Each structure stands twice: as structure tokens, then as C-alpha cells.
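To start, the structure itself, in C-alpha cells.
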Amino acid sequence: MFYSFLKKNKFIILMISVLSLAVFFRFWQIRSLPGGLFPDEAANGIDAIDILHGKIVPFFERGNGREGLFFYLEAFSIWLFGVGVRQLHIVSATIGILEVVALYLLSRRMFNKNIAILSSFFLATSYWHIVLSRTGFRVILVPLFTTLSLYFLVRVFQSDNVREEKCSAMMAGIFFGAGFYSYISYRMLPFVLLALLIIYLWSRFMRKEKIKILLSQYIRSSIIFTISTVIVVAPLGYYFYSHPGSLHGRTDQVSVFSQELNNGDLVGTVIDVAQKTALSFFTSGDLNWRHNVSGQPFLPILLSPFFLIGLLYASWRSIGCIFLKRSGLVYVALLLWFFAMLAPELATAEGIPHGLRLAGVLPVVFIFPALIIERFFNWLKENKFISQLTATIIAIIFVFGVFSESYFLYFNFYANSPDAYYAYRSDLTSASYYLNERNDKENTFLSLDAFSVQTVEFLTFDYEQPYQLVLPERSFETVLKPYQQIIFTQSTLFDITKFVEYHPDAKLVKKEYNKFGEPIMAVYQE
């Protein structure tokens, strides 16, 4: 009876298992991992607080300009739970889990349940995606809105019910429009949809079908989709119309066309960027701990060969669809999705490979290996020379291998790296807690730069920032009165030498270390 229950509900059990893994990898130890709050994350939190105090805009100009939807979600979290590190990170974690569900829905619609389970499992256990899901950056929204937009568009084309078709078109327009409030790389999705439409019409034309009939078939859905998109995008569009300089952000600063970055060798720079981007999926990924497990390829070692084969297979099926009148439009969609979302990376020459600019490919890179692995396991099951037990053991070993690699890399290698902790500026978190506890603005000085202080500004908001900011290079000029204190963080400990030289009577009253034994905060008092 138990076996028949498992067999009958196999896919439900598998999906619950995948979802449980997604929750585990994104929420376990979230109070302590990552180890702090990077100033860019804190800047988002500051904007979220501004929202709670009545600043309602679609775009925020701080930090070269940022789309605002993510900050509204963070504002809701702060409203519920108060100001803190965890309050920002749980927003990304929740979005990351929703992306696993969205990928399951899309890949099931495009292919079948097996590929849906596999691709969503790969995303749930992806250490690259885990890092982004536990970091307070708005880029985490890009995979969600991309996947949901495509999911509802697929439903439009697959629906036999007029009501379902209308609802799907409306939802597709809403999610497609909402994506423009996420991150600049999302702006490649319209080109994906346009190219896909052209190829779809071309493939039907090759089969001697009348274009007018095809267009009339989907005219209703197209109108609903367009109206929904326009309504959602209108506030942001008006903002960019009123502030045209905000449209491009810092793209000019990081572009491959920048003379400062290409050093006069545009072709060589483009080739170098393309090479590093290609290798990032197989050998060496982003070195930034806030974007990836530093230096690790974006794909697990067990998946990368299947990804490459899946990419080649999809290319072959796409050629057949476009030029040979064969079926395979879904493979064309996968290729367009993948290569279009590579463009934000290939068009830049700073910090390559870059785990944030590549985030748009996150869902689709796990569909490619799923296509091949499903065929491989089907072959194992049907091969008369391989027993069912052997095939099951191979499957278990494979699944355990993918899981254990991500677990080790994040909860062991990543969690025990001093560099990872400093990447999230754990020292600033400790300093903020000390400032809140002391809560004496008139008698407390903080030696910190204007960028790093954003973390302290956010985390001490409830105490009205109880400190006086001192630039590190001028900290030695600070004259302390009795019982006044000056605080140095990990990035400004170097300035203590000069401060003590000018103030020999100042005493070290507190020194704090991280779990690696590194000094992260020093407090001096007259």
C-alpha cells in the first residue's frame, strides 16, 4: 500500500522535496549567514525606510540609480519585523524560493514533469543562486519575472479556453511590466519576445500558413498583454521621461566601449570578456563573495557537461525549427532567453565574470542539463542490460552529488571564509550593535568612510544614528573629552596608529574579534 501511494503521488512528493531543499538552502542559518550587511544592501534598506516614511517613487537615484520594486518588498519586511540584517535577507530568500516554483511551472508547461522536477531541483541546490537568494540585491527579481512572464505567455499559446487565454495574457503583461522595476539586465527580455515572435511567424510561414490568420488568432491576447504591460510600466516610463539621465544608470562606466576599461583595444576586450564569460560556467566564476561562492564555476561540476550537451541539442533543434519546418519552437525560446541574457555581461568589461549581470540566465541554464539528464535516465531504465536497482542507485548518487557539492561549498567553504565575512562587512554590523547599546551621540565618534557608513546608518536607524561621523584620514584630529569614545572598524584599524601617535593618553577600552580571530572593531576613550 505504501509503495502504491508513493508511485501514485510521485511527482507531488518530489516537488515537495525540491521545495523543501529550496527553503533549507535559503533560510537555514540566515541569522548568521551571510555574516553581515554590505553597504549596498544597507542603502536599499535606507530607501525602504524612506518608503515607509512616504517617499513613493518608481526609481531611486541613490548609487547611480536603482529600480524600486525590491525596496518596496524590503519596506514591507521592515514594517513587519523592524530594522535589521535578517529583515533584508529574508526578502531575497523568499523570492529565490518562488523562482524555484516558477521554473517548475514553466518547464512543465514547455516540456514535462520530469524535466520540471530536474530543472527546479538544480536551481534549488545551485550555490550561485543560493548566494544571490541570501543577499539583499534587487537582481534576484530578474529570474522570477522573466520566468513568470514566459510561463504565462506559454499558457496563452497552449490554452484552448478563451477565459484562460485572457487571464494568462493579462498575467503575462503584469509580470512582464513588473520586471522593468527589478534590474537593468531585465530590459533584454523584450528583445527575446520580439525575436521569438518573428521566428514563430517565420516558421508558420514556411509551412504555407497565412500570417493574417495567425495574427487574428492571437490579436485579442496581444491587446490584453500590451495594455497590461503599459499600465504597469507607465509610472516608470513617466519617471524616465522626466529624468532621462536616469535611464542608463552606470552602463557607460562599465561598458566595453569605455576607453578606461578597453585601453584602446575594443576587439581584444570583447574577446576577453566572451572567453571569461564562457569559462565561468565550467571553470572559474565570479570572485565576488556577494555574487557567487568566490571563484567557483556558476554550474556544479556534475551539471556542466550536461549543460553543454543540452545547449548543443537545443541549437540543433532550433535550426530544424527555423529552417527545416520541424517542431521545436520551445528550444528556440530557450536559446534566445540564454543568449539575450548574456548580453548585459558581454557588453561590459568590469568585474568579469559578473554573477549579477548574468543572473537573467539562471533559470534557463538549468533547463539545458535537465533535457539531457532526463533522456539519460530514461535510457538507463529502458536498457535491458542495466537493472532497475542499478539505475536507481546511479540516480541517487547523482542527486546526492549535486546536493552535497552545494552544501559543502556554502555551509562549509563559504561559511568558514574570513573573506566572505568581510565581503559582507561583518565589522560594520558589530559596530552598529555597539553604537545602539551605547546610544550616546554627543560622546561617540565613528571613524568610517561615506560609503561604508550606510550600513551603520541603516542598522542604527531606531536609535537615530547615535554617533558623529569622522573621516578615517582625519580621525587623528579628533580631540576626545573625558568619557568620549572613538570607534574604528576593520577597514579603519590602520588609522589607529596615527590616532594613538597624536593622542598617547587615549586608552583602548574595547576590542572585538570575529570568529576567525581577526580584529574587527576597536574603541578608544580619553
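Using N, Cα and C of the backbone, Cβ positions are placed for all residues, glycine too.
Heads up, TrEMBL stuff is auto-annotated, nobody curated it.
Annotation comment: TrEMBL describes 70-213 as domain 'Glycosyltransferase RgtA/B/C/D-like'.
As annotated by TrEMBL, transmembrane segment applies to 12-30 (among others).
For 88-107 (among others), the entry in TrEMBL reads transmembrane segment. For the transmembrane segment (88-107), the list of distant contacts is 15, 18-19, 22-23, 26-27, 30, 34, 37, 41, 44-45, 48, 70, 73-74, 77, 81, 115-117, 119-120, 123-124, 129-130, 132-137, 140-141, 143-144, 147-148, 150-151, 154, 362-363, 366-367, 370: same-chain residues at least six beyond its ends, Cβ to Cβ under 8 Å.
Taken from TrEMBL, the feature transmembrane segment applies to 114-130 (among others).
Sequence annotations record features per position, and here TrEMBL assigns transmembrane segment to 136-154 (among others).
Feature annotation from TrEMBL assigns transmembrane segment to 166-183 (among others). Long-range contacts of the transmembrane segment (166-183) within its own chain (CB-CB distance under 8 A, at least 6 residues past either end) are made by residues 58, 67-70, 138-139, 141-142, 145-146, 148-149, 152-153, 155-156, 159, 189, 193, 220-222, 224-233, 236, 356, 359.
Per TrEMBL, transmembrane segment is recorded for 189-206 (among others). Only residues 6 or more beyond the boundaries of the transmembrane segment (189-206), in the same chain, are considered here, and those with a CB under 8 A from a CB of the stretch are 146, 149, 153, 176, 179, 214, 321-322, 325, 329, 332-333, 336-337, 340-341, 360.
The transmembrane segment annotation in TrEMBL covers 218-241 (among others). Note on the transmembrane segment (218-241): residues 57-59, 67, 153, 156-157, 165-166, 168-174, 176-178, 180-181, 247 of its chain, located 6 or more positions outside it, place their CB under 8 angstroms from a CB of the stretch.
The transmembrane segment feature in TrEMBL is assigned to 298-316 (among others).
Sequence-remote contacts of a segment are chain residues at least 6 beyond its ends whose Cβ falls under 8 Å from one of its Cβ atoms, and for the transmembrane segment (328-346) they are 110-111, 146, 150, 184-185, 188-189, 191-192, 195-196, 199-200, 203, 256, 270, 273-274, 277, 311, 313-315, 317-318, 320-322, 352-354, 357-358, 360-361, 364-365, 367-368. Annotated transmembrane segment per TrEMBL: 328-346 (among others), in sequence order.
Residues annotated as transmembrane segment in TrEMBL: 358-377 (among others). Remote same-chain partners of the transmembrane segment (358-377), defined as residues 6 or more beyond its termini with a Cβ less than 8 Å from a stretch Cβ, comprise 99, 102-103, 106-107, 110-112, 114-115, 118-120, 122-123, 126, 128-129, 132, 139-140, 142-143, 146-147, 183, 185-186, 188-189, 277, 280-281, 298-299, 303, 306-307, 309-311, 313-314, 334, 337-338, 340-342, 344-345, 391, 395, 398.
Annotation source TrEMBL lists transmembrane segment at 389-410 (among others). Same-chain residues lying 6+ beyond the ends of the transmembrane segment (389-410) with a Cβ under 8 Å from its Cβ atoms: 21, 25, 33, 121-122, 125-127, 130-131, 293, 296, 300-303, 373, 377, 380-381, 383.
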Same-chain residues at least 6 beyond the ends of the transmembrane segment (12-30) whose Cβ lies under 8 Å from its Cβ atoms:
6, 86, 89-90, 93-94, 96-97, 100-101, 104, 117, 120-121, 123-125, 130, 133-134, 403, 406-407, 410-411, 415
Going by DSSP, how much of the domain 'Glycosyltransferase RgtA/B/C/D-like' (70-213) is helix, how much is strand and how much is coil, in residues?
124 helix, 0 strand, 20 coil
